[in-house]
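Listed in TrEMBL:
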type	residues	note
SIGNAL	B:1-22	signal peptide
TRANSMEM	B:55-76	transmembrane segment
TRANSMEM	B:191-211	transmembrane segment
TRANSMEM	B:223-246	transmembrane segment
TRANSMEM	B:258-278	transmembrane segment
TRANSMEM	B:284-307	transmembrane segment
TRANSMEM	B:348-370	transmembrane segment
TRANSMEM	B:408-428	transmembrane segment
TRANSMEM	B:448-470	transmembrane segment
TRANSMEM	B:476-495	transmembrane segment
C-alpha cells in the first residue's frame, strides 16, 4: 500500500458522494495515493434480540454485507478506479465513528473524509451525530464536507 | 380470581350478587380447571413423589445433587470464571471482524428474557409465602450451585449445535444428546432427545405459557376487578398469535426492548424500598438465616423452607432444565466454553440478585402475618401457607409488599408482569417449536399446528386456577431436568476437556483480548 491513504466514509447519501469527490481531488493532487472507501452498517453488540432474530443473525449479516457492497460500495469503487488512485472498499458492522477511526488507524491513513449529513434530529442533538463523534474519537485529521 | 379462590374468599364472593354473565364465565373457568387438573394429576404426582419414608420430593434432591456435582467437578467454575464472564459479555474477547454476528451480550440477554419474569416475582412470593423467609437462603444457594449446571449445558449447546447451509443455527439438548452421545460411543442418545423434546413441549405449554397467562390474569383482575380468565386468555392468545403466526415482529421487538427496562426498574424500586427500610435489612437477613435452619413455624418447617427455596429457584433460573442451551447456542464464537462461562451469569442475575430482592421486600414489608409474642409466622386456615395481611399469594403478595413502599407500584408491576409474561411466552414458544420440529420435522403446516396449540393453552392457563397450573408447570419443567441432567452427567467429561484447554490457552496468552 502506498504511503498516503485517505479513508472516505460513505453512507449512500449525497453528502457521502461529495466526500468521495473531494477525496478523489485530493488524491490527484497528492499523487501516489490510496483511497479506502468505507461503508458502516450501524450495529451494536449490546442490543436486545429475540431468539428467532439470533438464529437468523448470521444469515442476515451476510445479506446486509452483500447488499451494502452491491448498492453502495461497488459502484463507488468502480467510479473511483478511473481516477488513478489505488481503491479499496470496506464494509463493516458497528458504530460508524469507531469503525472509521479503526480503519484509518489500521491503514496508517493521513486523513478521514466524511460528508456532513444534513439530518438534525433530536437523537443527534442528544448524542451527537456520526461526524460529531468521529471528530471526538479520531486519531487522524478529519475533513468534513458540507 | 385465582388468589381469591385460593384463600377461601370464594365463599364470600358467591354471596355477593353477581351478574349472570360473570357467573357463567366463572363456570367455564371451573370446568376448564377441573378437566385440566384431572388429566395432569398423575404426572404431577409422579414427578413430585417423596423419597420413601420422607416428605422430601426426589426431584428436588436430583437438582441439588446435580448442581453440586457440577460445581465440584468443574472446580467451582462459577466463582473462578465470574470475572472472565463479565469480560466476555463486555466484548473484550470478541473479534472485531465478527461484528454484526450474535454477541455474548445478546445471547445472554435473550436467554435472560426467557427466564427473568414471573418466576422472580410470583415464584418467589409462593416460596416465601409457604416456606417463609428461610426459603430465600435455599433459593440463593440453589442459584449459586445452579450456575455450574447452566455452564455445563450451555457449553454443550454451543459445541453440538447445528449450522445449516443457509447460515442459520439451531442448538440445544436435542443435539448434544444425539451428537454428543455418538461421539462418546454411548447408546440411547436419540431416545433421550425424543423424551426431552416431548417434555420441552410440555414445559413450553406449562411454565412457559399457562403459568404466565395465569399470573398475568391474576394481576389484571386484581386491578380491574374480578372477571373471567378466558377474556384475558383470548386477548393474550391473539397478540401472541399475531407475533408467532402472523410474523408481526415489531411487537416482539418492542417487548424485547421494554422488558430489560422493566427488569431494571423492578430492581431499582426494590432497592429504594430496601434503602427506605435499611434499618430492617439486618433483621430480614436474620429471618432468612434463622428461617433456613429452624423453619420459624412455617408449613412443613425446615424441610418446607428448603423444598420451596430449591423448587422456586429451579423454576426461576431453569438451571439444568436445558432450555437455556437452546437460547445460548446462537452466539458467534469458536470456543463453546465462552458461552458456558457467560451463561453462568444467568442464574446469578436471575436468582441471586432479582429473586433475593423480591424476597427481601416481602420479608421487610410485613405482609406475612407474624405472631408478635412468639416471633413465629401464623399459618392460614388451611395450614398450607403463611397468612398474609390481605390474603394474597403469588404475584398479589409481591404486589402488596411493594405497595407498602409505593402505593402506585402495583400498577407498574401489573404492566411489568404482563410484559414479562409476554416475553417469556415468546421465548418458550421458540423453545417449544424447536422441540416440535425436532420431533416432527420442519414445515410450515407442522409449525403452524404447534403455534395454534400454544395459543390455545394460553386461554386454558388464564382460566385455570393457580394451584393446578403451578403443579403442571413445575412437573413439566422438572421432567425436562430429569432427562437433561442425565445427559449432562454422561457428557461432562467433554465439557471438562474443553474447559481445561480453554483456560490453559487463556493463561498462556494464546487467547488474547481484542481491546
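Every residue, even glycine, has its Cβ placed from backbone N, Cα and C.
When the stretches B:191-211, B:448-470, B:476-495 are ranked by Cβ pairs under 8 Å to the transmembrane segment (B:408-428), first place goes to B:191-211.
The transmembrane segment (B:476-495) and the transmembrane segment (B:55-76) are in contact, since at least 3 Cβ pairs between them lie under 8 Å (pairs 6 or more apart in sequence). Only residues 6 or more beyond the boundaries of the transmembrane segment (B:348-370), in the same chain, are considered here, and those with a CB under 8 A from a CB of the stretch are 78, 82, 112, 115-116, 119-121, 123-125, 127-129, 132-133, 135-136, 139-140, 142-144, 146-147, 263, 266-267, 270-271, 273-274, 277, 280-281, 283-284, 287-288, 312-313, 316-317, 376-378, 386-390, 392, 397-398, 400-402, 404-405. The stretches the transmembrane segment (B:223-246) and the transmembrane segment (B:448-470) are in mutual contact, each linked to the other by at least three Cβ pairs under 8 Å (pairs 6 or more apart in sequence). Listed as Cβ neighbours of the transmembrane segment (B:191-211) (distance under 8 Å, sequence separation of 6 or more from its ends, same chain) are residues 114, 118-119, 122, 173-175, 177-178, 181, 315, 321-323, 424-425, 427-429, 431-436, 438-439, 450, 453-454, 457-458, 460-462, 464, 469-470, 472-477, 479-480, 482-484, 486-487. If one looks beyond the transmembrane segment (B:448-470) by at least 6 residues along the same chain, the residues whose Cβ comes under 8 Å of a Cβ in the stretch are 2-3, 5-6, 28-29, 32-33, 36-37, 40, 126, 201, 204-206, 209-218, 228-230, 232-234, 236-237, 240-241, 244-245, 393-394, 425, 429, 432-433, 436.
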